[in-house]
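Here the structure is laid out as C-alpha cells; the discussion comes afterwards.
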Amino acid sequence: MGPPLAQELTQACNQPLAATSNLQPDDGYKIELRAENGVDKYPAKQHARKVAAQIRQGKGLIFLMGQKSTLHEDSDQERSLRQRRYFFYLSGVDEADCDLTYDIKTDKLTLYVPDFDLRRAIWMGPTLERKSALQKFDVDEVNYHSALDEDVKKWAKNQGPGSTIYLLHGSQGPTDNPSNVIIDTKTLKLAMDACRVIKDEHEIQLIRRANDISAAAHIEILRGITSMSNESHVEGSFLNTCVSLGAHKQAYQIIAASGSNAATLHYSKNNEPLRGRQFVCLDAGAEWNCYASDVTRTFPITHQWPSIEAKQIYQLVQEMQESCIALVKEGVRYLDLHFLAHNILIKGFLTLGIFKGGTLDEVKKSGASLLFFPHGLGHYIGLEVHDVSPQSIMAQGINDDSNNMLILPTCVSPCTTSSPALTSGMVITIEPGIYFSQLALENAKPEQLKYIDMARVKNYMAVGGVRIEDDILVTKTGHENLTKVPKGDDMLEIIRQGKKGNDSHHV
C-alpha cells in the first residue's frame, strides 16, 4: 500500500524534492526536500577541537572506535549497522570497522579504515579506500586499520611517560596499550556530552532534513488515513515514504497506536484494526545521516472529530503544547515548562469535571495529573532521539513544593532539576500528552482518587491517548519549530481532502 507521494518524488542530485501528492496537491502542505550533494562535509575537525577545549589539556590522544560488523547470534547474517554516535560526532563516518585518533597537541585527526579484503569486496562491495575517504570526510589523514596499533605506539613514544589516551570505555581502546601512558575513561564522555548538546549549523540542517522527511510521511498518512484499516497500514505508509525519500532508518520504533493502545506510551505491536476506534496516535520520526527527528501526531480515523470528548482532550493537549512552545527561549528553565503543562491539564480537567473537589494546588500536590500525563514534557534530540545532556549543574530557580510531585524518575534532561537553562543551539522536544489508562487508574493512590470523578472519566476512556510532539530549536531570538506537520483544524482539512481523493479513486 504505497503512498502516492513516494511515487512522485525524484531524487536527482542538486534537485529539489517536493513532497506533493496527486491525492490533493492543493491542500497547501508541501514539504520541499533538497538533495545533500554539495553540502559541506560533516564538521568532524571542528567537533574534535570543541571536545579538546572541553578536556582542557594541551596534549593527549582521543581514541574512538567505530561500530564493528557483526553477525546475528547463530547466523551468517550481518546485523544492520548502527554507528556509534560518539565516533560519528568526531568523524562523520557511517561505515563499519573504522576507528579514529585525535592528537590534541598537533591538532591532527586521523581516520583508520578497513584494509582491503578482496573476498568481502566481491560479495559486499568495496570498503572505504584511503584517497576517497580523505576527500569525503573532514579529517587530516586516512590510514588502513593495520597501522593503528603501531601509530599509537609511535605517538606514545614521542610524547614520553605520563601522556594520556582518552577513551570512551575501557574496552574500546588500542589492542595493545602502551605501558607508559595513562588511560582516562572518564573525561572524554563528559566533554563530548557538553559539546553534543549544542548543535552547530550543519547538525541543525541534518535534524531539519530528518524532520522534513518525517513531515512528508505524516502528511501522506493524513491524506490516506480514511482508506486504511489497520495500524500496520499506518506504519507501512510511514516507512514507504521515508525510504522513498532516502531515509532508510528510523530514529526509533514506530508507534502507531489506535484507540486504547494509545494509552500505552511505547506501544509497538502496530497490528490491530482501526475500525470502531476514535484516534490514532502516530509517534514516528526518520533518521538522516545518524541524526534523529521525533514527531507525534494524534488524528481521527474519519474526517471529523469522533466525539465531543475526543475534541476536548485534543484541544487541551494542543493548548498545553502551544503554550509551552511559545515560552521557549534562551535562559528559560525547561522544567518550568513541564510544570506549566501540568497546570494547564489540571485547569482543563477541573473545567471538564474530570477533577473535582480541590484547588489547582491541591490536585497538583496529590499527583492526580500524573495518572493522565505520566512522562516528562520532552528531551534533547540529536544523534540520539533521547540525546545526551551536559554535565549536570544545578539550574537556577526554586522548586515550589507543590511541583515536586511532578518530577518523575523517568524524566530525562532537560526535564530535571539539575539541567541547565535553555541555550541557543539546543534542540528539544515539546510533547505533552493525556492518556486514559485503565491500568494506571486501577493502581491510583487514595490521595489521587480523591480528586477524580471516575464516572466522568468513563466518558473519556474511548479517547485512549493524545500526544502532540514537535522538535524545537532554541535560537538567540527565541525558537524555531522544525516540525512542519499540521495540527487541529488544519490537520482535519487534510484528512477531508484526502478522503475526497480516496473516494474518487473508488468510483
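Yeah, the Cβs are placed from backbone N, Cα and C, and that goes for glycine too.
Annotated features, as they stand in Swiss-Prot:
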- D283, D294, E469: Mn(2+) 2 binding site (BINDING)
- D294, E431, E469: Mn(2+) 1 binding site (BINDING)
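Reported as a whole number, the C-alpha separation between D283 (Mn(2+) 2 binding site) and E431 (Mn(2+) 1 binding site) equals 10 Å. Counting every protein chain shown, 24 other Cβ atoms lie within 10 Å of the Cβ of D283 (Mn(2+) 2 binding site).
Within the same chain, residues at least six positions away from E469 (Mn(2+) 2 binding site) with a Cβ under 8 Å of its Cβ are D283, D294, V295, T296, R297, Q321, G378, T429, I430, E431, T483. For the recorded site, D283 (Mn(2+) 2 binding site), the DSSP three-state label reads strand. Look at D294 (Mn(2+) 2 binding site): DSSP puts it in coil. Highest Cβ count within 10 Å among the binding-site residues D294, E431: D294.
Within 8 Å of the centroid of the Cβ atoms of D283, D294, E469, where the record puts Mn(2+) 2, the same chain has further Cβ atoms from A284, G285, V295, T296, T429, E431, R467.
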